[in-house]
Amino acid sequence: QCLLSGSWRSDTGCRMVVSILGKDGRFSGSYLPGPAAGSSEILTSPLEGSQQDTGLVPQPTFSFTVHWRLRVRTTAFLGQCYVGTNGEETLHALWLLREAADSPAEDWKATR
């Protein structure tokens with residue numbers, strides 16, 4: 001059974017810590033970018049999300065958002081938790097980063 005509570009590290013060194021996982025599948029925690037982020041100003045930022053009911057599916061989907069502390073941006077993650085034949089849990093996710101745009105004309109370059 002795949003549960004998100006605990007600490008996770010990405011291939012690029014980012015770290016996600018899920019500190020609270022409710023019975024309803026909602027969770028909160030913190031996110032710290034890895035060295036690839038390239039800035040010493042980036043601090044641990046809060047995250048909130050939800051996970052599919054593990055009673056319904058053993059390898060649940062999940063989503064969460066990170067609200068960056070020092071920058072005007074939000075990142076959304078959407079993925080699934082997999083359990084390998086050896087029992088090891090891994091997360092596979094896609095993400096979108098949205099920065100604040102100065103005007104509607106600048107909107108096109110605000111999402112990565």
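Cβ coordinates are placed from backbone N, Cα and C, and glycine is handled just like the others.
Predicted automatically and left uncurated, TrEMBL annotations should be read as such.
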Second cysteine of the disulfide that TrEMBL assigns to CYS81, among CYS2, CYS14: CYS2
Surrounding CB atoms that lie within 10 Å of the CB of CYS2 (disulfide bond), all protein chains: 18
CYS81 (disulfide bond): tally of other CB atoms within 10 A of its CB: 23
